[in-house]
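As annotated by TrEMBL, compositional bias 'Basic and acidic residues' applies to B:7-25. According to TrEMBL, the feature domain 'ABC transmembrane type-1' maps to B:140-329. Per TrEMBL, region 'Disordered' is recorded for B:1-25. TrEMBL lists B:49-69, B:144-167, B:179-199, B:205-222, B:261-286, B:306-329 with the feature transmembrane segment.
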Amino acid sequence: MADETVKTPLLEVADIKKWFPLKTLPFSEKKYIKAVDGISFTLHENETLGVVGESGCGKSTLGRTIMNLLPPSAGKVVFQGKVIQELSPKELREMRQQLQIIFQDPYASLNPRFTVGEIIGEPLAIQGKLTKKEQVQKVKEIMAKVGLNVNYINRYPHEFSGGQRQRIGIARAIILEPSVIVCDEPVSALDVSIQAQVINLLKDLQAEMGLAYIFISHDLSVVRHVSDRVMVMYLGQVMEMADKEDLYHRTLHPYTKALLSAVPVADRHVKKEKLMLKGDLPSPADPPSGCCFHTRCVFAQELCRTQTPELTEYRKNHFCRCHFADKNEGEYHEDYKN
Amino acid sequence: MTHADRHHLPEDSFERIDVSQSSEREKIAAPSLNFLQDSWRRLRKNKGAVVSLAVLSVIAVLAFGSIWLTPHDPTKQNISYVNLPPKIPGVSINGFNGTAKVGQQVVDKYAQAKVPADVHFFLGTDGLGRDVLSRLLMGTRSSLIIAFAAALLDVTIGLVYGLFSGLKGGRTDNIMQRILEVLSGVPNLVVMILFLTIFKPGMKTIILAMIVTGWITMARVVRAQTLKVKDQEFVLAAMTLGAPQWQIAVKHVLPNISSVVIVQMMFSIPSAIFFEAFLSFIGLGLTPPVSSLGIMLSEGYKTFRFLPHLMWVPAVTLSAVMICFNLLADGMRDAFDPKMKD
């Protein structure tokens, strides 16, 4: 993994927040859904940052806020030394070439009225730097690169399988040769047999094109396979962030431990200790006081209910938001050892 | 097999899959159909819609063909040929052979009026001696022109308004929707009648009167569809590519709401035909000698007891056109969106 002190990060997210206002009665106190609540991280060239957490924890909102599809309520996103929120429309369009997204649903992310050629070629048409003939040529090259039959260039999305559609989405994202791609749960809607194909394709493209990924998922096994660093989110906040091996073997946060304990292992000889979470995910509109995880944490103390823990670096590049992280330190789960 | 061996399976336990096999597995055999081809394939299976389309096509061809070719001049009056019954050559059925019952006797009205043997009025003549068939063709044409023009302008205004409102969102959308609510609170019939009493009666005035409130429904439908489509991921994908707002509207939103717009337009055409007929019937529509289905109904209604065919002919035509448009619109809705069909 890149040394953060030496290399300038490609992407820097600084204390970003995305709060959605709730409709309230006139003259009553304004309420917000705190989908993303003060997240900071950096991303370097050719690196993959995995973002994990339960449904509704703000992973996708984070991805879309980074992309500037949703304007942040606070904080800033610095891409290649420029603050995205401060760019002019022209500069923003140029920046879009370098920052792309792959969506979760391969069915909803492709315009049903466009042919595959039009879908993949749309970025080129918008940027308008190539002739029609050159665009078609480039589209065919990219189709071949992602393993799509070039003869299907004039077919429509509904004629393809889920895996093929996701490859169309990937082709659209890489055609402008970006440096960062936000992968918003790109395999969660696919069959397990197809997931491996898509993940391997993403890894091959990363090696070939030097891409950096923000890989959003709720599947810890997938994240482990693709990521260099992993960030665990809960109720819009970072609970733990560390290098992959460090996070999987030397887990600090009880929430991460609970998530890891829920991952099934295809070996009946391995006995796993299940760390069950209490209750349901609290509403982001009304988060608990103190540590937002205390309502479900089996180790919660009085301190957790009253005082919000800071995201602290307990080991080199290993951050955790827990009052008792130093007491939790240690190896976790035999089955995660290589 | 020990626990340690589990991770070291012999290579001959596996069969390598050739790449060609995998590409064979992903082969698409079905012929490629775009949205319109696919919709047309489904529409053809709907008998009601196909029959309606055929009937409307025949009516439209006859109505618009009558610009160049009519049995008689639809505006030419002939006092000698007043109220003649229908006469179709080679047909000897009473009521269609130029005869009419006067008291207890069957009288040849054509002989009485000294009509030359080679002159036939297939649907008879009216109170001013004008050929009913020629006037019917002219009237149908007028009604269709008014209906199509009104529907097309409704679509245009409603589409622009609805698209803008839906895509802008926020406060702009809120204000635009309140304006719509105020406008839709005014009864459209009152607006039409006011409009027609202020301005000089004619085709343009009727079309304008219909548009004044007619576009509101279309604007609402378009806005609702735009809100549905604009949050879909392919629109977000276009935004991430840096596509300008107008391009997103034209290339992504519009093609995906076009089916709903077309269906809505198809439903608004019969309603426009009916409104035109109603306005002409109460004397606020087109002015004679121009013909329309409403004018013909109004004229036929006065003599219905004695000359029922003068009312039956435009009434049946109006009903047929309206029913066919509604059936076709229903069929198109099912063809465009098969999931909507129960």
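Backbone N, Cα and C atoms are what each Cβ position is placed from, and that goes for glycine too.
No curator has checked TrEMBL annotations; they are predicted automatically.
Bear in mind that the values here come from a model prediction, so they are computed numbers and not experimental data.
Between the transmembrane segment (B:306-329) and the transmembrane segment (B:49-69), the number of CB pairs under 8 angstroms, six or more residues apart, is three or more, so the stretches are in contact. Taking Cβ pairs closer than 8 Å, the transmembrane segment (B:261-286) reaches residues 142-144, 146-148, 150-152, 154-155, 159, 192-193, 196-197, 201-203, 206, 209-210, 214, 217-218, 221-222, 225, 292-295, 297-298, 301, 318, 321-322, 325-326, 328-329, 332-333, 336 in its own chain, all 6 or more past its ends.
Residues 60, 63-64, 173, 176-177, 203, 206-207, 210-211, 214-227, 230, 245, 248-249, 253-254, 261, 264-265, 268-270, 272-273, 276, 292, 321 of the same chain, all 6+ positions outside the transmembrane segment (B:144-167), place their C-beta atoms under 8 angstroms from a C-beta of that stretch. A Cβ distance under 8 Å defines the sequence-distant neighbours of the transmembrane segment (B:179-199), meaning residues of its chain 6+ beyond its ends; these are 205-206, 208-210, 212-214, 216, 219-220, 275, 279, 284-285. Sequence-remote contacts of a segment are chain residues at least 6 beyond its ends whose Cβ falls under 8 Å from one of its Cβ atoms, and for the transmembrane segment (B:205-222) they are 146, 149-151, 153-155, 157-159, 161-163, 165-166, 180, 183-184, 186, 188, 191-192, 195-196, 199, 257, 260-261, 264-265, 268, 272, 275-276, 279, 285-286.
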